[in-house]
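Chemist: Pasting a structure below so you can have a look.
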Amino acid sequence: MPVPACPSPAPPTGPTAPPVRPRHRSGRATGPAAPPAGAGTLRPGDGGAEVRALQERLQGQGFTYVSVTGLYDDRTRRGAARLQSDRGITGDPEGVYGPATRAAFG
């Protein structure tokens, strides 16, 4: 008795995601990156890569009590407030890493 042929699967239809391009890496050590210039305001309760970059930069400036956790906690707020006080930054609320603090720290 002949075996019935199985149809081959149809190729996928519909939209497909664009190919992912690898990022270029120079291999050079550059230290902690500054948060992007157009980035938004960071404040207590925020989290993520931008907060982590800020914490690394604060540590690099001698605010060693700031832990690099990626969470804008009280230590990060105190570090930002101290930075504002040390540099005479008044354009942002105390302890908030906004446009004025970002520009002065850049």
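Going from the start of the chain as shown, residues are counted 1 onward.
Using N, Cα and C of the backbone, Cβ positions are placed for all residues, glycine too.
Dumping what TrEMBL says about this protein:
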- 1-20: compositional bias 'Pro residues' (COMPBIAS)
- 1-47: region 'Disordered' (REGION)
- 28-44: compositional bias 'Low complexity' (COMPBIAS)
- 48-104: domain 'Peptidoglycan binding-like' (DOMAIN)
- 74-106: region 'Disordered' (REGION)
Chemist: Restricting to the domain 'Peptidoglycan binding-like' (48-104), report the mean pLDDT as a whole number.
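Modeler: Overall, the domain 'Peptidoglycan binding-like' (48-104) comes to a mean pLDDT of 95.
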Chemist: Mind tallying the region 'Disordered' (74-106) by DSSP state, helix then strand then coil?
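Modeler: Tallying H, G and I as helix, E and B as strand, the rest coil: 21 helix, 1 strand, 11 coil.
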